[in-house]
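Engineer: The following feature annotations were taken from TrEMBL:
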type	residues	note
REGION	16-44	region 'Disordered'
DOMAIN	34-280	domain 'Deacetylase sirtuin-type'
ACT_SITE	His162	active site, proton acceptor
BINDING	Cys170, Cys173, Cys211, Cys214	Zn(2+) binding site
Amino acid sequence: MRTSYNARMWQSSFRHEGRHTYPQSASRAREAVTHGRSSPSSRFTALPVRASRAAVTHILLGAGVSAESGVPTFRGAGGFWRTWQAQDLATPGAFRKNPSLVWEFYHYRREVMRTKDPNPAHIAIAEAETHLEAEGRRLVVITQNIDELHHRAGSKKVWELHGSLFRTLCTQCGDIRPNKDSPICTALDGKGAPDPSAEDARIPESELPRCPSCSGLIRPHVVWFGEGLDGDVLHEAGHIDYKRCLIFIFAFIFYQKLYHYRNISSIGVLTVGFNSEAKG
């Protein structure tokens, strides 16, 4: 995501029913999502009016919005922690095999987030939610991110499909609870350095984070590769009146996962997509 698209477009698009000029970079980057037989340009021109009438607005976001805050994405070239990619460590099998290594990785990510702040996009979205709420309307952030930056920016309705770095799940009793301790356990203090030459801490399992309810081993409450998306969020998504909904998309693969089972464009839902990787 490029900051040049001007995150403040959210606020102006919700507040004005008349003419609205979108930043040139956003206009170039938008990707057409089928809506009836209208052209992409006519749909984009109609956006301010449709936005002003939508009862519910969804904003689907991926790693790009957090990357603007300096959050590592662990994607593509250079997306390594030590010599590992996220998909090597973010799996149930990796945790069973080496919970110490996986906890080092997540401890590093938790500590990094203590140095990061919401950026103008997070803040603009939170302000838009407040504005819409005053008018009796809703804005829902649906995110793949696990960093809680939307919460910190002030957003109240956030669906975290992939969980949170700052919640834990007990592998024994299933207890889920917030945890923002730094470090999360004494044995991880000073561990987790991302340098490829750093040695694994090899912390005994008995010294890793434990459940306060049953003393079982806890893990980050995040969705790992090979696991299903958050069922509660999917349930909510399946009970929305999409005829009164407006959808902004910043993560197209994510959009396909969440809405593939409904041909929402056929019932008049306006969807507006932005592709930060578009060329030209």
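Quick reminder: no glycine exception, Cβ is built from N, Cα and C everywhere.
I'm curious about the neighbourhood of these features; can you describe it?
Structural biologist: Mean predicted confidence for the domain 'Deacetylase sirtuin-type' (34-280): the pLDDT average there is 86.
Sequence-distant neighbours of His162 (active site, proton acceptor) (same chain, six or more apart, CB under 8 Å from its CB) are Thr143, Gln144, Asn145, Ile146, Val222, Val223, Leu229, Asp230, listed in sequence order.
For Cys173 (Zn(2+) binding site), the same-chain residues that are 6 or more apart in sequence and have a Cβ closer than 8 Å to its Cβ are Cys211, Ser213, Cys214, Gly216.
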Engineer: Quick one, of the binding-site residues Cys170, Cys211, Cys214, which Cβ has the fewest other Cβ within 10 Å?
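Structural biologist: Result for the binding-site residues Cys170, Cys211, Cys214: minimum number of other Cβ atoms within 10 Å at Cys214.
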